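Residues annotated as region 'Disordered' in TrEMBL: 33-61. The feature repeat 'PPR' is assigned by TrEMBL to 218-252, 253-287, 288-322, 323-357, 425-459.
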Amino acid sequence: MNNLKLRLLSIHSPRWRRLFSAVSGEHRFPHSHLQSSHYASPRPNSFSTHQSPKFQTPQKHSINSVSDIFDESSVLESLSSYNNDYKRALEFFNWLETGSKFNHTTKTFNKMIDILGKFFEFDIAWELIDKMSKTNRVESLPDHVTFRVMFKRYVSARLVKEAVNTYSRLNEFGLKDEMSFRNLVDALCEYKHVIEAEELCLGKGNMEVGEMFFDGKDTRIFNMILRGYFKLSWWRKCREFWEEMDKRGVEKDLFSYSIYMDIQCKSGKPWKAVKLYKEMKRKGIRLDVVAYNTIFRAVVQCDGVDAAMRVYREMRESGLEASVSSFNVLVKFLCDNGRYKEAYEVLDKMSGCGCPPNVITYHCLFTCLEKPKEILELFDRMFKSGVLPQMDTYVLLIRKFGRWGFLRPIFVVWEKMEEQKLSPDEFAYNALIDALLEKGMVDMARKYDEEMLEKGLSAKPRAELGTKLMQSQD
């Protein structure tokens, strides 16, 4: 049964299409049910659950166990395949209730809300939240994850006020507490609205949310803000905020030091990270693998690979097992310094040390290699080792080959992406279109440009395709 589910999971597979035809009375995935206006643009309020495409009433068929085919995990994975096409995701989501009698859970609701938020369809997302709260089933009620998704999507769209207003409404759902406040601050810091987060927590601005569940010394909140300034690379502000924590009597923990050591490394002062490491040991703060990885990187920058290996042995002696991140730091350092042969040697040894390489390990090598043949060979090795590329992997390779003017390798990796059932995002499409235009293949570039627009993805304005002129006229 599990194998059957996996085979049916891909919405693009022929078996899915036959199953869908059986239960819906259609012979293809029914784009025809969509009004043409729905494909015009993914603007807010343009699509409502009440206006969503409707399937025909399921007809009786020999497949009586169709509802058994779908469980929570298979639905989540199917929705993920439509992560870049919210209209089809919503169509599938709605059909599950009417066509297969599947009862959505909190997790499947949250996934659909996340996809809608990605395309700024917040009104529909709120309709789903209201629907969740009105159900009589505990397994489908809104939870902290639901509103963490809303915070994240509002803030990523620069709708900070709406995110704060959402937090203010949480009493309606019985979820206004310390965790939800931390989720709001985390979303603000994650998407570079750190100043607003600091104003909200320390009362330095006009941000008001009512009850905050913050005593002014919550180490986790301060760590979020410190990490936010780190993401902005505002090194001076990081130092000032680190000192502010001391002034306010905030107790710095392992995560505080790990973040600030990382800041010192990234700002070009690895020797200060080593100094912080010694301070931690004096205070009796036990290091974890993440902290050791940061020290590992600092020592590599200051004293080279041999000194870093001494730190690695110290970490093992302390009872900690090295993580793949530890080796990734070493691989990246070797690649950045042109020591590719040694980097491959580390790659060969990783599995033997109980830390098989991951996507980031291969990214380190892909970034530095300069021959298409070597990159494609490593790409094949990646698949054979069981490490599946992510969308970032494909974008990295398409852009790299595009800069070099090689189209054949681009289509090799694009075909692999389709075989992997990954839905290209706007960055992948734009990278491919740029490469095609560089080679003068305007018609093919226009085809992919139209394809991404149909999915509601944002295409770059391009004079070659006439989109620059169209956008200036709007």
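The backbone N, Cα and C atoms fix where each Cβ goes, and this holds for glycine too.
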Long-range Cβ contacts under 8 Å made by the repeat 'PPR' (288-322), restricted to residues 6 or more beyond its ends, are 254, 257-258, 261-262, 264-265, 270-271, 273-274, 277, 280, 329-330, 333-334, 342, 353-355
Quick check on the repeat 'PPR' (323-357): DSSP residue counts for helix, strand, coil, in that order please. 27 helix, 0 strand, 8 coil
Go through the chain and flag residues at least 6 beyond the ends of the repeat 'PPR' (323-357) whose CB is under 8 A from any CB in it; none is fine as an answer. 289-290, 292-293, 296-297, 300-301, 305, 308, 312, 315, 364-365, 367-369, 385-387
Beyond the flanks of the repeat 'PPR' (253-287) by at least 6 residues, Cβ under 8 Å: 219-220, 222-223, 226-227, 230, 233, 235, 238, 242, 245, 294-295, 297-299, 301-302, 315, 318, 320
Which numbers of helix, strand and coil residues does DSSP report for the repeat 'PPR' (253-287)? 27 helix, 0 strand, 8 coil
Per the Cβ under 8 Å criterion, with at least 6 residues separating them from its ends, the repeat 'PPR' (218-252) contacts 182, 185-186, 188-190, 192, 194, 197-198, 201, 259-260, 262-263, 266-267
In DSSP terms, the repeat 'PPR' (218-252) comprises 27 helix, 0 strand, 8 coil
